[in-house]
Amino acid sequence: MREMLISVALGQVLSLLICGISLTSKYLSEDFHANTPVFQSFLNYILLFLVYTTTLAVRQGEENLLAILRRRWWKYMILGLIDLEANYLVVKAYQYTTLTSIQLLDCFVIPVVILLSWFFLLIRYKAVHFIGIVVCILGMGCMAGADVLMGRHQGAGENKLVGDLLVLGGATLYGISNVWEEYIIRTLSRVEFLGMIGLFGAFFSGIQLAIMEHKELLKVPWDWQIGLLYVGFSACMFGLYSFMPVVIKKTSATSVNLSLLTADLYTLFCGLFLFHYKFSGLYLLSFFTILLGLVLYSSTSTYIAQDPRVYKQFRNPSGPVVDLPATAQVEPSVTYTSLGQETEDEPHVRVA
C-alpha cells in the first residue's frame, strides 16, 4: 500500500509541474501576447544541455559524450525531433480547435503508450490495469463535460479538423517519446537520455526558432514581468524533464501518462483564484475519479514477458514473484522492480 501511494504521489508532482507550465504559458500568451512556444522549448533544451550534456562531456570511457554519439547519434537525433515536434503540435492545436477537444483527444497518448509498451517493452497488463485506465479516461470525460456546462469549451474553433489532427499527431509523438524514454532509462541511464535530448533538442529547436518564430520573438514587449514568466516556465519545464525519468523508472510510462491527466484539473483549481473561473462539483468528481483509476492501476503489478515460458515481475514488489521450476534454464537477472532494489547480477543491457 505504501509503495502504491508513493507511486501515485510522484505522478501528482509531475502534474503540478505541468500546472506551472500551463499557468506561465497562459500569462505569456493572453496577458503579454507572447506566442513563442518554440522559444520556450528552446530555453528548456538549453538548460538540459548545460546541465546534462556537459556532464556527459566530462565523463570518461563509454559514458563519454563522444563515445555515445559514435554509437547512437542517429537514434537520439530522431528522438530529439520527436520530442520537439510533440510539444509544438499540441501547442499549435490551440489556434484551431477547442480546449475540450484538446483535453479529450490528448488522451490518445494512453493507448499509444500501452500498445508500444506491449510490443517493444514486452510489458503485459492484467484486467485491473485496463479497468483503472478506463476509470481515468471517464474522469477526463467528466471534466470535459463540466467545461461545456461552465462555458470553458470555447476556443478558436476554426479549422477544427486541422486542430484535432494536430492533437492526435502530438499525442502519438508523445507516446513514442515516453516509451523510448522508458527503454533508455532502464537499459542505459537517465543522464544519457537527458543529455542527448538537451543536445539535439537545442539544435533542432534553434533551427525551428530561427525559421518560424524569430518575428514573434521580436514582438515580445520585454520587461521584468515577462522575463520572470519565462524563468518560471523554464524552471517548471526543466523540473518536469529531470524528474519524469525518475518517476518512469519507479512506475512506467503508462502510469505516468495516467497521472498527468490531473494536470488540467490543477490548472483549473488555480484558475478559480487567478482567472475567476466558474466552479462546478463535476470538477471535484473528475479529480477523485482519476485518482481512483490511478489507485486501481497501481494496485497490481505489471510484468515483462521476456521468455514465452516465464513472466517476470516488472514493478510493485508487494505483488507475487513467480518462482521458476527447478528444471527451467533461464538467464540470470529477471526482476525489474522499479519500486525496490534491482537484482545485482542483472546484466547492463546496451543498445548497439
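Residue positions begin at 1 at the first shown residue.
Positions of Cβ are set from backbone N, Cα and C atoms, glycine also.
Please treat TrEMBL annotations as automatic predictions, because they have not gone through curation.
Here is what TrEMBL says about this protein:
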{"type": "TRANSMEM", "residues": "42-61", "note": "transmembrane segment"}
{"type": "TRANSMEM", "residues": "73-90", "note": "transmembrane segment"}
{"type": "TRANSMEM", "residues": "102-123", "note": "transmembrane segment"}
{"type": "TRANSMEM", "residues": "130-149", "note": "transmembrane segment"}
{"type": "TRANSMEM", "residues": "161-181", "note": "transmembrane segment"}
{"type": "TRANSMEM", "residues": "193-212", "note": "transmembrane segment"}
{"type": "TRANSMEM", "residues": "224-244", "note": "transmembrane segment"}
{"type": "TRANSMEM", "residues": "256-277", "note": "transmembrane segment"}
{"type": "TRANSMEM", "residues": "283-305", "note": "transmembrane segment"}
Between the transmembrane segment (283-305) and the stretches 102-123, 130-149, 256-277, the largest tally of CB pairs under 8 Å belongs to 130-149
In the same chain, residues at least 6 away from the ends of the transmembrane segment (193-212) whose Cβ sits under 8 Å of its Cβ atoms read 38-39, 41-42, 44-53, 55-56, 65, 68, 72, 76-77, 79-81, 83-84, 88, 181, 184-185, 241-242, 245
The answer for the transmembrane segment (130-149), taking Cβ pairs under 8 Å and residues 6+ beyond its ends, is 99-100, 103-104, 107, 110, 114, 254, 258, 261, 264-265, 268, 280, 282-283, 285-290, 292-299
Per the Cβ filter (under 8 Å) with a sequence gap of at least 6 from its ends, the transmembrane segment (256-277) is approached by 8, 10-12, 14-16, 18-19, 22-23, 26, 103, 107, 109-110, 113, 132-133, 136-137, 139-140, 143, 150, 152, 174-175, 178, 244, 247-248, 283, 286-287, 290-291, 293-294, 297
Contact set of the transmembrane segment (102-123) with the rest of its chain, CB cutoff 8 A exclusive, min separation 6+ beyond the ends, reads 90, 93-94, 133, 136-137, 140-141, 143-144, 147, 155, 163-164, 167-168, 170-172, 174-176, 178-179, 182-183, 252-254, 257-258, 261, 264, 302-306, 314
Long-range CB partners for the transmembrane segment (73-90) (under 8 A, at least six residues beyond its ends), listed in sequence order, are 37-38, 41, 45, 102, 106, 166-167, 169-171, 173-174, 176-177, 180, 196-197, 199-201, 203-205, 208, 351
